[in-house]
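**Q** Structure incoming, see below.
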Amino acid sequence: MTVEVSSDSGAALQPGDNQALNRQSAIGQSGDNMNARGLHVITWGCQMNVYDSARMSDVLAPLGYRPVATPQQAEMVILNTCHIRERAAEKVFSELGRLRKISDERVAAGLGRSIIAVAGCVAQAEGEEILARAPFVDIVLGPQTYHRLPEMVARAARAGGAVIDTDFPVEMKFDFLPADSAPQVEGNLTAFLTIQEGCDKFCSFCVVPYTRGAETSRSLPSVVAEARRMVQGGVREITLLGQNVNAYHGDDGEGGTADLPTLARALAALPGLERIRYMTSHPRDMDQALIDAHRDTPALMPFLHLPVQSGSDRILKAMNRGHTAGEYRAIIARLREACPDIALSSDFIVGHPGETEEDFEATMQLVRDIGFAQAFSFKYSPRPGTPAAGQPFQIDEAVKDERLQRLQALLRVQQDAFNADMVGRTVPVLFTGRGRKPGQITGRSPYLQPVHVEGSEDLIGRTVQVAITQRLTNSLAGTLIRERVCA
Ligand code: 5AD
Ligand code: SF4
């Protein structure tokens, strides 16, 4: 499928190539059906949206929709939106204006207008508003109703009127989606797999519980079956996705419930699956069983994204995070004890209502104490309908800017030091493609750093030990040590 991915970087520090990984998620094959109708999906936001875009393409394939590269060529355009940070709604309306113009140009050229659908979290939160302000939109659908898309398209085509579906249905959308391709990146060797959605934690600043609904987990057998298909298709690394992925509690198919460590072990047993990652986790669900899994399951990569948001207990309480800074530090200590190689990534918000200079300094101190290999940091931005938006003591933009700069400077130093420290180490690299220069191949370290070596293309798809010799601007260079052939 064709996916236009644009990461809403906001004020985020853009570390390493993790964002590049997102951007590369545009893949897929064009069918050669003569009666094919063009489908163009524009994806904003997180990997879950990338995954959802691929699944929406899958459900529409039986209706003859095939990916096209531009909205000009498309009989249907889906705008898959993200609500998590600033000015999401305005961005959507401006993009819809552009799409409407393109649709009008198609009509003028005798091609017929395109069906315009808005999906994702902004659709969920502001569906009525979208139809009121952009009446030319045909379909508005929330993240829980993608499996109903074919029916909505048929209804929209018949009625010529708008269709809105942003319910949280009782049935799980996963059970209705075709077992087709999921979005895969980097030469089909790495893939994302959504295992859990929604969140019941209600952090003060966050829209997710309102847009994605309550926590739901897919069953273990369905996740394993999808992973098996991916591996049979050549995938060697799977990133398990969920807003609260470590709260995973899927039906185990035997009358019980499986947690994330159980699922990770089941996946690690799939021959050919080399690497497992998961994101995004919450500190409250980082239990000992999962920490132990990092010690006992070699396929579980030693790189964990564990957002802390703030280092101040007062602000963590105001954020309703349900843990203290000390508890976060203790989790990190236990993780490091279980898996000394583990590197950490996190999310931070500066300028949450009520944040004093002292609170912010506590965040800086937590960063200094822990040391992060990578981080995303944001200025707090009020999301309508969330508790923090209505709280007193909103922080001045200038103060937020200044704090964000200080925090990002510190995080950048830590990230640089982490990358520099790789020189002299030997790490397994999963080779995913050719390098830029002839004779070079490129892959990823366990920490998602791009690594280039001189080597044979036969190694693409394999994991090989590499001695890191040099740090480049956004990547590492190394030499092959020995080859480990995977099944
Ligand atoms: N303002 C700023 N950052 C936010 N995030 C979520 N909501 C907000 C908001 N209202 C950040 C959090 C979260 C990440 C995905 O986005 O740090 O972990
Ligand atoms: Fe949002 Fe908090 Fe849930 Fe994460 S845990 S999705 S920040 S409410």
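Along the chain as shown, residues are numbered 1 onward.
Every residue gets a Cβ built from N, Cα and C, even glycine.
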**Q** Would you please say which range out of 1-20, 241-260, 341-360, 441-460 has the annotation region 'Disordered' in TrEMBL?
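**A** TrEMBL lists region 'Disordered' for residues 1-20.
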**Q** Given a separation of at least six residues and a C-beta threshold under 8 Å, show me what packs close to C121 ([4Fe-4S] cluster 1 binding site) in the same chain.
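**A** For C121 ([4Fe-4S] cluster 1 binding site), the qualifying residues are G45, T81, C82, H83, I84, A88, G142, P143, V207, V208, T211, R212.
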**Q** Determine, from DSSP, whether C203 ([4Fe-4S] cluster 2 binding site) sits in helix, strand or coil.
**A** coil
**Q** Measure from the CA atom of C46 ([4Fe-4S] cluster 1 binding site) to the CA atom of C199 ([4Fe-4S] cluster 2 binding site) and give the result in Å, rounded to a whole number.
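**A** For C199 ([4Fe-4S] cluster 2 binding site) versus C46 ([4Fe-4S] cluster 1 binding site), the Cα atoms are 15 Å apart.
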**Q** Cα-Cα separation of C206 ([4Fe-4S] cluster 2 binding site) and C46 ([4Fe-4S] cluster 1 binding site), in Å?
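**A** Each residue's Cα considered, C206 ([4Fe-4S] cluster 2 binding site) and C46 ([4Fe-4S] cluster 1 binding site) end up 14 Å apart.
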**Q** Which binding-site residues from the list C46, C82, C121, C199, C203, C206 come close to ligand 2, meaning a Cβ under 6 Å from one of its atoms?
**A** C199, C203, C206
**Q** What binding-site residues in C46, C82, C206 place CB under 6 Å from ligand 1?
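**A** Near ligand 1, sequence order: C206.
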**Q** How far is it from C46 ([4Fe-4S] cluster 1 binding site) to C203 ([4Fe-4S] cluster 2 binding site), counting Cα to Cα, in Å?
**A** 18
**Q** Other than C199, C203, C206, which residues of the same chain sit close to [4Fe-4S] cluster 2? List them in sequence order, counting a residue when its Cβ is within 8 Å of the Cβ centroid of the site.
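**A** Leaving out the recorded residues gives K201, F202, F205, V207, V208, P209, Q243.
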